[in-house]
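Asker: My questions will all concern the structure given below.
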């Protein structure tokens with residue numbers, strides 16, 4: 001039987017290894033490269049906009065909570081990518097567009113609010129036209145490739161940089177569906193799903209060929225819980241609402257349909273590239289959890305209304321959005337899930353980020369990345 005001294009020695013050595021491991025976790029991930037839309041945009045839309053026609057995210061109350069000034073984020077404070085950067089011990093990821101003498105050594109963000117996965121010309125051919133931003137995923141990726149000589153120098157250095165980066169692919173594709181729903185193309189939205197997924201998959205493959213080894217690919221949020229959609233498709237038919245959350249079930253069903261198809265494609269890619277970590281980010285269930293039991297996680301009992309908005313049961317009006325004259329925001333955004341009718345509050349984004357980084361909302365679990373670049377979870381995306 002082992003002596004007490006040897007057991008104590010083993011325990012202390014194990015504790016030391018655990019402490020050292022926790023302090024140095026994820027050190028192999030040296031930067032973040034990001035693509036996407038407003039969920040991930042840290043200031044690109046503002047950088048691309050005419051100074052006389054800036055988006056609302058260039059003004060307060062956007063940014064009031066953490067930064068205490070507007071940053072171009074579609075939030076009152078930090079967003080998911082900020083919490084990921086903090087977890088990895090990296091600085092907040094700077095926007096590429098509009099940055100003058102930006103330091104992109106530890107990260108670069110190409111995500112633009114309003115961006116689509118598909119080119120706008122493809123959407124317009126289907127009668128889907130919603131002018132906001134024409135910086136599609138393809139354009140973001142093209143810009144990234146064109147900027148490589150300035151970001152990393154030689155082809156070898158660039159391959160190393162991409163290989164040691166945490167690449168966040170989205171969320172992207174949500175606006176393709178949003179814009180279709182906004183112009184009443186509800187019967188045609190499902191036709192966009194394979195097109196969007198193919199575009200995302202092609203971008204991942206292109207980045208893998210360039211040396212990419214670690215990807216986070218988020219799915220879509222529960223659209224039926226969005227104050228925008230709850231206002232747009234408000235109905236007296238109670239059967240269309242989930243009795244627990246008050247969300248529109250048919251829209252959430254669509255989100256789940258898309259997410260299942262996306263996961264299937266990521267599973268295919270994982271088998272095709274076994275040396276690459278391709279992680280699915282379950283934004284849907286992470287956010288839905290807050291709508292199911294808001295008070296358990298520190299949010300108010302009625303989580304559907306927006307913090308910043310005006311009018312109606314969801315504190316949201318299409319013609320008077322957050323940032324417009326006369327539109328006020330709540331006194332305590334940390335108690336709200338929804339920020340402006342479309343995007344979430346910093347508090348909700350922190351919950352989602354924690355669920356990705358430390359909880360059950362990634363497949364495979366995020367912590368496998370922190371054990372070294374050569375270690376990969378054997379958990380299947382089928383589970």
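Cβ atoms here come from the backbone N, Cα and C positions, even for glycine.
Fair warning: this is a prediction, and the values are worked out from it, not measured in the lab.
Copying in the features that Swiss-Prot gives for the protein in this structure:
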| type | residues | note |
| --- | --- | --- |
| SIGNAL | 1-22 | signal peptide |
| ACT_SITE | 38 | active site, nucleophile |
| CARBOHYD | 134 | N-linked glycosylation site |
| CARBOHYD | 184 | N-linked glycosylation site |
| CARBOHYD | 315 | N-linked glycosylation site |
| ACT_SITE | 340 | active site |
| ACT_SITE | 343 | active site |
Asker: Please give me the CB contact count at 10 A for residue 134 (N-linked glycosylation site), counting all chains in the structure.
Answerer: 14
Asker: Here's one to test understanding: among the recorded positions 38, 134, 184, 315, whose C-alpha is closest in space to the C-alpha of residue 343 (active site)?
Answerer: 38
Asker: My understanding is the cutoff is Cβ-Cβ under 8 Å with a sequence separation of 6 or more in the same chain; which residues meet that for residue 184 (N-linked glycosylation site)?
Answerer: none
Asker: Hey, how far is residue 315 (N-linked glycosylation site) from residue 340 (active site), Cα to Cα, in Å?
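Answerer: That comes out at 9 Å between the alpha carbons.
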Asker: Report, in whole Å, the straight Cα-to-Cα distance of residue 38 (active site, nucleophile) from residue 340 (active site).
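Answerer: Between the alpha carbons of residue 340 (active site) and residue 38 (active site, nucleophile) there are 12 Å.
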Asker: Just counting, how many other CB atoms are there within 10 A of the CB of residue 340 (active site)?
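Answerer: Result for residue 340 (active site): 27 other Cβ atoms within 10 Å.
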Asker: Measure from the Cβ of residue 315 (N-linked glycosylation site) and count the other Cβ atoms within 10 Å, all protein chains considered.
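Answerer: Its Cβ has 25 other Cβ atoms within 10 Å.
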Asker: Long-range neighbours only, meaning 6 or more apart in sequence with Cβ under 8 Å: which ones does residue 38 (active site, nucleophile) have?
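Answerer: Residue 38 (active site, nucleophile) has long-range Cβ partners 45, 74, 111, 112, 113, 114, 115, 342, 343.
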Asker: Kindly assign residue 184 (N-linked glycosylation site) to one of the three DSSP-derived states: helix, strand or coil.
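Answerer: Residue 184 (N-linked glycosylation site) sits in coil per DSSP, no helix or strand.
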Asker: By a simple count, how many Cβ atoms lie within 10 Å of the Cβ of residue 343 (active site), its own Cβ left out?
Answerer: 25
